[in-house]
Amino acid sequence: MADLWQSAMDHAVAVARKAGQVVGKALHDDRKVMTKSSSVDLVTQTDQKVEQLIIRSVKEKFPTHRFIGEESVAAGESCVLTDEPTWIIDPIDGTTNFVHTFPFVAISIGFSVNKEVEFGVVYSCLEDKMFTARRGRGAFCNGAPLQVSEQTDIKQSMVATEFGSSRAPETVEKIFCSLRNILCIPVQGVRGAGTAAINMCLVASGCVEVYYEIGTHVWDVAAGSLIVTEAGGVLMDVEGGDVDLMSRKIVAANSKTIAERIIEEIAAFSPPRDDVLPQHQ
Ligand SMILES: O=P(O)(O)O[C@H]1[C@H](O)[C@@H](O)[C@H](O)[C@@H](O)[C@@H]1O
Ligand SMILES: [Mg+2]
Ligand SMILES: [Mg+2]
């Protein structure tokens with residue numbers, strides 16, 4: 001049977017690498033920082049330039065495909081996932097890191113058909129680590145196979161999470177309530193790379209047993225979601241049950257046991273879904 005999506009994935013890897021070069025060159029130059037949903041939700045001209053580069057390049061090769069791009073949605077485009085082949089793009093995942101030259105910045109490209117992620121590409125461009133996964137064919141970093149951690153004891157686990165872009169007191173309270181509960185299990189450590197995509201690749205790489213966050217967007221997690229599951233990991237909603245990549249809530253773990261143990265400690269809340277409200281709200 002013809003492999004429909006390999007050429008698309010090869011293109012995603014090539015354009016992610018090219019975008020990574022643009023990001024690397026702009027790291028110390030692009031000082032025009034703008035804000036979106038809050039004063040700490042940053043975007044730069046490089047985010048916008050990289051997204052346009054990726055979309056333009058894909059359109060030339062796959063003119064009928066659709067796009068969900070972080071900065072296109074911020075500019076008012078719809079964020080509704082259909083059955084059509086769709087590229088789900090975060091041009092810079094870790095924009096705050098980029099602005100502060102904190103060295104974890106990724107280009108994240110997920111590809112969905114019939115609302116199922118067929119491949120995911122996360123390029124951690126300052127580390128030169130290309131994370132890839134094809135559905136049913138495993139997950140890799142620079143070509144080397146990835147496997148989640150075999151740790152079953154939450155008290156011997158490392159947890160990743162982020163504080164997100166909301167500073168609303170009630171949201172901050174929930175975030176710190178979850179963090180306190182989890183820290184006091186106790187877990188051995190809590191870390192955050194500053195980018196959802198790289199946090200998910202750390203789960204896939206076996207460095208972190210579980211990553212959770214409330215507030216992510218579909219473009220943050222689409223590619224990483226497949227990299228985690230193809231490395232043997234699981235995805236769940238923060239309240240248990242199946243993950244919904246549009247729900248802005250995610251747990252990505254090495255096993256259901258660890259995921260469910262963390263879910264017990266999360267003080268859940270539900271931000272507006274990606275596919276309901278305009279993203280600028
Ligand atoms: O850097 P971006 O693409 O905006 O994505 C991050 C988001 O801004 C943060 O609020 C989240 O906590 C991170 O997980 C995202 O990666
Ligand atoms: Mg992002
Ligand atoms: Mg981004």
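Backbone N, Cα and C atoms are what each Cβ position is placed from, and that goes for glycine too.
Curation does not apply to TrEMBL; its annotations are automatic.
Copied from TrEMBL, the annotated features are:
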- GLU70, ILE92: Mg(2+) 1 binding site (BINDING)
- ASP90, ASP93, ASP220: Mg(2+) 2 binding site (BINDING)
Distance [Cα-Cα, Å, rounded] between ASP90 (Mg(2+) 2 binding site) and GLU70 (Mg(2+) 1 binding site)
5
At the level of the C-alpha atoms, what whole-angstrom distance separates ILE92 (Mg(2+) 1 binding site) and ASP220 (Mg(2+) 2 binding site)?
9
Can you give me the Cα-Cα distance between ASP93 (Mg(2+) 2 binding site) and GLU70 (Mg(2+) 1 binding site) in Å, rounded to a whole number?
10
Report the same-chain neighbours of ASP220 (Mg(2+) 2 binding site): residues 6+ apart in sequence with Cβ closer than 8 Å to its Cβ, ordered by sequence.
ASP90, ASP93, SER108, THR195, ALA196, ALA197
With a radius of 8 angstroms around the mean position of the C-beta atoms of ASP90, ASP93, ASP220, what other residues of the same chain does the Mg(2+) 2 site pick up?
GLU70, ILE92, GLY94, ALA106, SER108, THR195, ALA196, ALA197, THR216, HIS217, TRP219, VAL221
For GLU70 (Mg(2+) 1 binding site), what is the secondary structure by DSSP, using just helix, strand and coil?
helix
Select, from ASP90, ILE92, ASP93, ASP220, each of the binding-site residues with a Cβ positioned under 6 A from at least one atom of ligand 2; if none does, say none.
ASP90, ASP93, ASP220
